[in-house]
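Chemist: My questions will all concern the structure given below.
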Amino acid sequence: LTISIDEAGKGSLLGPLVVSCVVMDSKTEQLFKEQGVKDSKQLSPLKRESLYNLISEKSIYHQTIILSNHDIDKRRSLHTLNEIETNIFYQLIKDSILNLAKNQPVKVILDSIESNSEKYSLPFKSYFGSPTCEIICETKADIKYTSVGAASILAKVKRDQFIKSLEIELDQTIGSGYPSDSITTEFVNSYLKKNFEYPDSMRRSW
């Protein structure tokens, strides 16, 4: 079995950080690959939605943790963003293992959030590594592994759903929520001019 984890929204200006975990066997991973599961950034919103349902239905176990912009700002007083995300990774791995049979052989695949993936993997290997638990930590794992691509789809769709609900609430287009998106930055600037404060959904720290 593989336990795979990926995130969406780490560097966003608006909305939450979403981290998803998917557990699957090799047969299910092959099915996902045949159905077009891959890095969420390479898929259309419609395709992601379709695959989200498939992954949710066919995976052995899946879990998503959503950290609001307010939660992130609170935690940033004590931790870096990488530390916050790493703690979520730990929680998801532990929850996944607890939901499996005792001593079930697993392979944990992480999309490394640091350029030195080997160094980043060491605490995970120290904590979880065992004869029945192999840790793989690589940059761009969401592109290399179908299973991590599946996790990226769950995270991306959940985050997109939040952004869509926010647009409905505001009755306004706000873009992707990332600072690189001109629609997002224009929304923030116009909101500030109109209300003399930043939107409640905006992150204050990174």
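Even glycines carry a Cβ here, placed using N, Cα and C.
Quick paste of what TrEMBL says about this protein:
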- D6, E7, D111: divalent metal cation binding site (BINDING)
- 1-206: domain 'RNase H type-2' (DOMAIN)
Chemist: Would you list, in sequence order, the residues of this chain other than D6, E7, D111 that have their CB within 8 A of the centroid of the site's CB atoms, where the site is the one recorded for divalent metal cation?
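Modeler: Same chain, not in D6, E7, D111, Cβ within 8 Å: I5, A8, V19, S20, L110, I113, A141, D142, V148, A151, S152, A155.
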Chemist: Counting Cβ neighbours within 10 Å across all chains shown, tell me which of the binding-site residues D6, E7 comes out on top.
Modeler: D6
Chemist: Specify the count of other C-beta atoms within 10 Å of the C-beta of D111 (divalent metal cation binding site).
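Modeler: Taking all protein chains shown, D111 (divalent metal cation binding site) has 24 Cβ neighbours within 10 Å.
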